[in-house]
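The transmembrane segment annotation in TrEMBL covers 174-197, 239-267, 273-294, 306-334, 340-362, 398-420, 432-458, 470-490, 502-530.
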C-alpha cells in the first residue's frame, strides 16, 4: 500500500513506489507502508513495532498534534487520511497548557463489492493513546487492525464521494452566486459599452464623413485626427510579437486543459495527471507560439528571425526556469520532497530540447512558407509621428491598467478562493464546468474593457495604443497576484521561508502567464475594433 512514510517507525528496507512525471512534479514520494492488508482477511490488533521516543521526538510529535498534522496513504489508489493525535485545551487560541495524546493504534475499515475494493476508512481508538504532554522519553507499541465490510456500492461510483465535496448544496450556492455575479458584470458592462460606443461612434462617423462641400472646411479632431499614426508599428517589435505568440500558446494550453477537465480526466486524486498534461501540452503547443509570433513579426516588417525565436522560446519558460532553480534549491536545503530529482530535471530538459524547441522553429517555418500578406492597415501611415498631447494622470498607462484589471478581477475573485484552497490547501475542486464559464466571462470582460479604454485613448489623440492595449488586458494578472498576498496572510496557515517562497514564487509564474494570455486577448480585441472603425471612415 503506497503511502508517505509512517513517521512513527522506519523499517530497515524502505520500498519506494515508482512515480510518473506528474507525481514527481507534484511532490509525491510514495513508499510501501508496513501494514499488511490481504483481501477479505480481518486482522486482530497486531504490533508493527515498539519504539522508544526521545525527548526531541516527543517535542516534534507534540508540535505536530497541536498543529493538526495528518498523514495520507493510498490503498488500491483510494486516499486515506488520519490524524497523528488529539489534544484538549480550555483556550483554543492559547495551547500552552494543552494535554496532548498520540494515537498508537490504527484500525482500517475496508468496504468491498465482490472482488472490488470500494472504500477505505481509518479509525483511531481514543483509548489507545500515549501522553506527550511532558518532555520525557516514552515507549510506544504501534499496532493496527483491519475489518472488511461488504457493500452494494458499484465500483464505478467509488470516487463519487470525493467529487461531491465541492458539489454540496452550500458550496454550489456560492459557486452559482459567483457565476451570476460575473454574468451580471458582463451584461452591465457590455450593455453600457455598447450603448456608449454606438452613440459616440455614430456621432463620430457623422462628423468625420461630412458633405463633400464641407470637407475642406471641416477640421479633424479626436481619433480621426490621428489616422496617419494609429497604425504606426510599436516599439520593441520583437518583444511585442514574442509576447503575442507566447500568450496565444498559453491560451491554447488553457483551452486544452479545460477540455480534458470537462471530459473527466482530472478526477479526484488522479495523482499527477494535471502536471503531466501541463508539461506535455505546453511542449506540443510551442509550434503555435512560433507560428503566431512569426506571423505578426513579419507583418510589422520585422527582419531578425533569430531574435524573435529566442524571445518567444524564453519569454515564459525563462522566468519559470530561474524561479524553479531557486525554489528547488530551497527545497533541497529543507530536504523536502518538493525538490525534483536530477533524473526528472534531465527529462524535462530533454522535452524542452527535443520537442519544444523544434516545434517552435517548425511553427516559424510554416509561416515563412506561406505567402506573407503584410499588415493590412486601412489608413496610410505618415512618415513622421504626430506629437501626443499632454494627458492628465488618469489617462496614463498605470491608471488605465488599474481600471482595466479591476473589472475582470471582480468577475472571478469569488472562484479564486476555491482554486487557491484546492491548489495550496486540502480542498477538492471538481466543478470544472462552472470554472470554464467563469473563464469565458473573464475573456469577454477583458476584451470589452480593453476595447473601451483603447477608444478613449484614441479619442484623446494618443496613437500609441499597441502596448497600452496589451498591458491593460494583462493587468488582471497583477490583481490576481495582489489576491495572493491577501490569501496568504488572511486565509492560509502557511508560514516559514520555504512555504512563503514556494507560494509567491510559483504564483508569480502563474500570474505572469495570465498576464501574457489576457494581454494577447486584449490586444486582439483592440486590433479588431481599431481596424473596424478606421475602415468605416474615409481617410485622405
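Quick reminder: no glycine exception, Cβ is built from N, Cα and C everywhere.
What TrEMBL says about a protein is an automatic prediction, not a curated fact.
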Contact between the transmembrane segment (432-458) and the transmembrane segment (239-267) is defined here as three or more C-beta pairs under 8 Å separated by at least 6 residues; is that satisfied?
yes
Among 174-197, 306-334, 432-458, 470-490, 502-530, the stretch with the most Cβ pairs under 8 Å to the transmembrane segment (398-420) is 470-490
Distant-in-sequence neighbours of the transmembrane segment (340-362), which means Cβ under 8 A and at least six residues beyond its ends
21, 24-25, 279, 282-284, 286-287, 289-290, 309, 312-313, 317, 328
